[in-house]
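What Swiss-Prot annotates here:
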| type | residues | note |
| --- | --- | --- |
| CARBOHYD | Asn192 | N-linked glycosylation site |
| CARBOHYD | Asn197 | N-linked glycosylation site |
| CARBOHYD | Asn548 | N-linked glycosylation site |
| MOD_RES | Thr617 | phosphothreonine |
| MOD_RES | Thr620 | phosphothreonine |
| MOD_RES | Ser623 | phosphoserine |
| REGION | 1-27 | region 'Disordered' |
| TOPO_DOM | 1-60 | topological domain 'Cytoplasmic' |
| TOPO_DOM | 82-87 | topological domain 'Extracellular' |
| TOPO_DOM | 109-138 | topological domain 'Cytoplasmic' |
| TOPO_DOM | 160-230 | topological domain 'Extracellular' |
| TOPO_DOM | 252-269 | topological domain 'Cytoplasmic' |
| TOPO_DOM | 291-304 | topological domain 'Extracellular' |
| TOPO_DOM | 326-341 | topological domain 'Cytoplasmic' |
| TOPO_DOM | 363-394 | topological domain 'Extracellular' |
| TOPO_DOM | 416-444 | topological domain 'Cytoplasmic' |
| TOPO_DOM | 466-479 | topological domain 'Extracellular' |
| TOPO_DOM | 501-520 | topological domain 'Cytoplasmic' |
| TOPO_DOM | 542-560 | topological domain 'Extracellular' |
| TOPO_DOM | 582-635 | topological domain 'Cytoplasmic' |
| TRANSMEM | 61-81 | transmembrane segment |
| TRANSMEM | 88-108 | transmembrane segment |
| TRANSMEM | 139-159 | transmembrane segment |
| TRANSMEM | 231-251 | transmembrane segment |
| TRANSMEM | 270-290 | transmembrane segment |
| TRANSMEM | 305-325 | transmembrane segment |
| TRANSMEM | 342-362 | transmembrane segment |
| TRANSMEM | 395-415 | transmembrane segment |
| TRANSMEM | 445-465 | transmembrane segment |
| TRANSMEM | 480-500 | transmembrane segment |
| TRANSMEM | 521-541 | transmembrane segment |
| TRANSMEM | 561-581 | transmembrane segment |
Amino acid sequence: MAKKSAENGIYSVSGDEKKGPLIVSGPDGAPAKGDGPAGLGAPGGRLAVPPRETWTRQMDFIMSCVGFAVGLGNVWRFPYLCYKNGGGVFLIPYVLIALVGGIPIFFLEISLGQFMKAGSINVWNICPLFKGLGYASMVIVFYCNTYYIMVLAWGFYYLVKSFTTTLPWATCGHTWNTPDCVEIFRHEDCANASLANLTCDQLADRRSPVIEFWENKVLRLSTGLEVPGALNWEVTLCLLACWVLVYFCVWKGVKSTGKIVYFTATFPYVVLVVLLVRGVLLPGALDGIIYYLKPDWSKLGSPQVWIDAGTQIFFSYAIGLGALTALGSYNRFNNNCYKDAIILALINSGTSFFAGFVVFSILGFMATEQGVHISKVAESGPGLAFIAYPRAVTLMPVAPLWAALFFFMLLLLGLDSQFVGVEGFITGLLDLLPASYYFRFQREISVALCCALCFVIDLSMVTDGGMYVFQLFDYYSASGTTLLWQAFWECVVVAWVYGADRFMDDIACMIGYRPCPWMKWCWSFFTPLVCMGIFIFNIVYYEPLVYNNTYVYPWWGEAMGWAFALSSMLCVPLHLLGCLLRAKGTMAERWQHLTQPIWGLHHLEYRAQDADVRGLTTLTPVSESSKVVVVESVM
């Protein structure tokens, strides 16, 4: 099971590792405290290392990354930002920031996970002093897992309600409608109708059944955050169904997840193509597409355009969440992650651009039918998914079919992003657990506990005041500010503390050649500058959260939001400070010791080829029958 290298005196691991964990030990044999099994543990620690599973096929990894990174933001946020920020002009800052910031960090996270064979926390064994980055990403992805699934619950609810002959949001007269509800959608209907002395413009200010279904039936919206109200049991059951679905997608690990994403990641593209074909055949579709792409060069000098481009890149590429490192950790050590990262980035951005044609062809039709400017119907986020599009399908023949198709696509887009996010969190969590917690059903129980905890927190979002809670999570916990902060430190640590050239050599060891020098330059200079620049702009131009342009959050609600943001951002400095204070020696000695990488077992053969094998002295077989290995570390 272990063989000795004649040249270096170092053993490498081989044989059947599935029969038991691998034991990693320090020279004193003392049990490790706090660090997990992905690397060689804390200096002088003893840890059991469960064998790490890998993707059955490399395409499983590609599909999982596509499913995770290509999500709701590509469909409901990018097209609106493109229209809002000068149409085709928006593509200039978007592409530039993708080249300088998005793609380099996307590649960095995947390659780091593949090289270290660890989840979001233990991947920073490459520089243990900055392991706070791992804790920060775990906090962020936990918040995302908690609130993101609410969109799936709402989409699932709309999907169920679409299986009717008449869509419930198409007409008034329901128990949730008010006397102000008006069913007239088409401008020509408005001109020919008896309006009780109301003009068409005045009628447009009345309540549509689409808005009343969303606010009064689905959300049962209260007056504010301070009025939580009761649970909406229909939406609660949809939420429970979504969590059960997520659990069974994740509970067996990447072997099962890698199969499910073949459907969840590809079928939305089929639906997008069908919706595009339908959309371009509608009257007014061309006008909508022109509004989507029409360049407004004056916007290029606006700082907000660059801020929106940067935050959208980091959102849509799913940077800073730790899930990409978790997915990369299941790759074969020699997988060409460089090629994969480029392909995945192109798919992500291409999907965003393509989705814009789908969305704005339908919004153009909607504006034409209502006789209004497209700015009156163009919306982003939940407003597009649950107000604008449901309103548009009521104007189409066979409306329930198009509604069901759209919400099924929405459900799949969100589902794979959700369960891969949960997978990333679980991977980081299991890597943290010490040897004594390793048992057969460890993953199944951990996933169940995670899903149950998130479901309990989600109950606050299915109350009458739940939308206000959802907006708090969305605006603060995984905001552009937190992701930019995370990305900045990732680049600084890898490029300046560990060493950009050193990491390029590590990548060359995996894929057989050094990537383009552009990646090294970006990690070292361009990307940190871009991240910090947009981060500062976000702080300077910060505006307190307002819901629906009317409800201003109370001071304690805003304080709660900043607590969400700071709970991840402070992980880096607090962990760094704590490590330096606990260590012994001069400050220089502490820094040198705490920035020394902790290598994993899979690095043995690779590191043994170097003249300077840092941190490893011997690898001794302990028990041939139990397939246990002891590695001594001088770190």
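Placement of Cβ uses the backbone N, Cα and C atoms for every residue, glycine included.
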Quick one: do the transmembrane segment (521-541) and the transmembrane segment (561-581) have at least 3 Cβ pairs under 8 Å, skipping pairs fewer than 6 apart in sequence?
no
Give the nonlocal contacts of the transmembrane segment (270-290) in its own chain as ranges (CB under 8 Å, at least six residues past its ends).
75, 354-355, 357-358, 360-369, 374, 396, 402, 405-406, 408-409, 412
The transmembrane segment (139-159) and the transmembrane segment (445-465): do they have three or more Cβ pairs under 8 Å, with pairs 6 or more apart in sequence?
yes
Taking the transmembrane segment (342-362) as the first stretch and the transmembrane segment (395-415) as the second, find out whether 3 or more Cβ pairs fall under 8 Å, excluding pairs closer than 6 in sequence.
no
Composition by DSSP (helix, strand, coil) of residues within the topological domain 'Cytoplasmic' (501-520):
15 helix, 0 strand, 5 coil
Candidate ranges 61-81, 88-108, 480-500 - greatest C-beta contact count to the transmembrane segment (305-325) (under 8 angstroms):
88-108
The transmembrane segment (395-415) and the transmembrane segment (61-81) contact flag, 3+ Cβ pairs under 8 angstroms:
yes
Are there residues at least 6 beyond the ends of the transmembrane segment (231-251) whose Cβ is under 8 Å from a Cβ of it, and what are they?
149-150, 152-154, 156-157, 160, 218-220, 257, 260, 415, 418-419, 422-423, 426, 443-444, 447-448, 451, 454-455, 458-459, 462-464, 466
Most Cβ pairs under 8 Å with the transmembrane segment (88-108), selected from 61-81, 139-159, 480-500:
480-500
Secondary structure of Asn548 (N-linked glycosylation site) (DSSP, helix/strand/coil):
coil
Long-range Cβ neighbours of the topological domain 'Cytoplasmic' (109-138) (under 8 Å; 6 or more residues past either end):
35-40, 52, 65, 319-329, 331, 333, 335, 337-338, 340-341, 424-425, 427-432, 482, 486, 489-490, 493-494, 497-498, 503, 506-507, 510, 568-569, 571-576, 579-580, 591, 594-600, 602
What same-chain residues lie close to the topological domain 'Extracellular' (363-394): Cβ under 8 Å, and 6 or more beyond its ends?
72, 76-77, 80-81, 83-84, 151, 154-155, 158, 167, 169-170, 185-188, 190, 200, 204, 208, 210-211, 213-214, 218, 279, 282-291, 402-403, 406, 410
